[in-house]
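TrEMBL lists 22, 134, 348 with the feature substrate binding site. The pyridoxal 5'-phosphate binding site annotation in TrEMBL covers 109, 110, 178, 206, 232. Per TrEMBL, the feature domain 'Aminotransferase class I/classII large' maps to 42-375. Annotated N6-(pyridoxal phosphate)lysine per TrEMBL: 235, in sequence order.
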Ligand SMILES: *Cc1c(COP(=O)(O)O)cnc(C)c1O
């Protein structure tokens with residue numbers, strides 16, 4: 001058998017044997033609170049559309065107006081002829097909102113992160129990343145010529161010990177961590193990077209729009225200004241794409257050297273129009289963040305007695321189960337109650353910390369949250385004995401500590 005063919009076959013068999021095979025599902029209305037799968041309806045607790053913008057008629061209309069004005073595609077990369085006034089306006093709007101001199105647009109957060117690390121880092125540089133950073137950052141870190149070290153999650157003492165040995169590093173953290181919903185200690189990290197003559201880059205994919213004054217994100221909430229801020233448009237913006245915010249000098253540098261910018265087709269101008277509109281909705285529609293806070297409080301009130309509950313200040317509510325199979329069974333059982341949550345298993349999260357990743361959005365109702373929490377209580381009682389003496393489910397116990 002040819003090399004590649006057997007390699008692919010083996011990898012697929014191994015995945016299956018580990019019970020880790022993932023499947024694409026065709027869903028309808030999955031950008032709203034009620035999704036449809038194979039004719040059945042479910043309350044959707046799996047989307048990253050925290051503010052409920054992805055299917056908002058106002059935003060749909062804005063994109064349509066953009067299409068009428070600018071046509072369909074951008075037809076080229078930005079430096080050729082793909083850059084329009086729609087792109088320029090969006091960049092300017094982001095800069096003013098977030099307090100940076102420059103914004104560079106990308107088609108995805110994945111490419112923005114790769115572009116950033118690949119263009120900035122050279123051989124003998126030091127890159128320090130939080131251990132739980134997104135796959136796009138980890139992969140870029142491993143492939144770039146710099147030496148990457150990972151510090152323990154949110155552990156500023158560990159970070160300081162690494163910085164003291166390699167000052168002039170690039171430190172990269174997320175503002176809000178996607179699988180845990182917790183927040184980085186940005187104020188402390190920022191003072192450490194200043195102290196050790198280093199740069200700080202924050203990927204705020206899950207904080208932008210949700211945290212901070214007018215939704216300006218994790219850095220605004222922590223009152224810091226990192227050297228580089230990455231925001232993505234696939235979560236609270238309800239759309240897709242990303243931007244790197246930075247000084248004008250770094251912006252000039254990225255415009256010249258970031259290959260994902262230079263050699264990739266610009267996002268359609270109509271999308272930039274829609275993003276500008278989303279940006280405005282995020283800043284002015286405070287009720288969406290207030291609603292999230294209310295729903296989060298209700299969720300916490302209903303669930304906080306249970307082991308596996310994790311208190312977060314973000315719409316990401318992990319419920320840690322432990323074993324992959326138990327997480328899958330519970331997610332399946334929830335589906336029988338019309339509740340759709342995703343079981344997140346290794347390798348996305350560390351072994352033994354399989355979890356339900358529950359996300360709240362501004363267009364859920366209180367009633368829907370209660371249906372979630374009631375069903376979750378029932379499913380957990382049936383699948384894991386959490387209410388009994390500690391130690392009865394040892395693997396589960398130790399997994400909670402690992403969090
Ligand atoms: C989702 C996400 C990305 C990737 O963004 P896309 O626009 O979906 O490619 C990058 N970083 C973090 C932290 C994310 O959560």
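Glycine too: its Cβ is placed from the backbone N, Cα and C atoms.
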Cβ-centroid neighbourhood (8 Å) of the pyridoxal 5'-phosphate site, 109, 110, 178, 206, 232 excluded: 134, 136, 203, 205, 234, 235, 242
Contacting binding-site residues, sequence order - 22, 134, 178, 348 vs ligand 1, Cβ under 6 Å: 134, 178
Protein Cβ atoms within 10 Å of residue 232 (pyridoxal 5'-phosphate binding site), excluding its own: 26
Least Cβ-crowded entry, counting other Cβ within 10 Å, from the recorded positions listed as 22, 134, 206, 235: 22
Cβ-based isolation winner (fewest other Cβ atoms within 10 Å) among the binding-site residues 178, 348: 348
Close in space, distant in sequence - residue 109 (pyridoxal 5'-phosphate binding site), Cβ under 8 Å, 6 or more apart: 134, 136, 203, 205, 230, 232, 233, 234, 242
Residue pair residue 206 (pyridoxal 5'-phosphate binding site), residue 235 (N6-(pyridoxal phosphate)lysine) - Cα distance, angstrom, rounded: 7
Average model confidence [pLDDT] within the domain 'Aminotransferase class I/classII large' (42-375): 97
Helix, strand or coil at residue 348 (substrate binding site) [DSSP, three-state]: coil
Around the Cβ of residue 110 (pyridoxal 5'-phosphate binding site), the count of other Cβ atoms that are within 10 Å: 19
Secondary structure of residue 22 (substrate binding site) (DSSP, helix/strand/coil): coil
Residue 348 (substrate binding site) and residue 110 (pyridoxal 5'-phosphate binding site), Cα-Cα, nearest whole angstrom: 16
Extent of the pyridoxal 5'-phosphate binding site in Å [max Cα distance among 109, 110, 178, 206, 232]: 14
Cα-Cα distance, maximum over 22, 134, 348, record's substrate binders, Å: 19
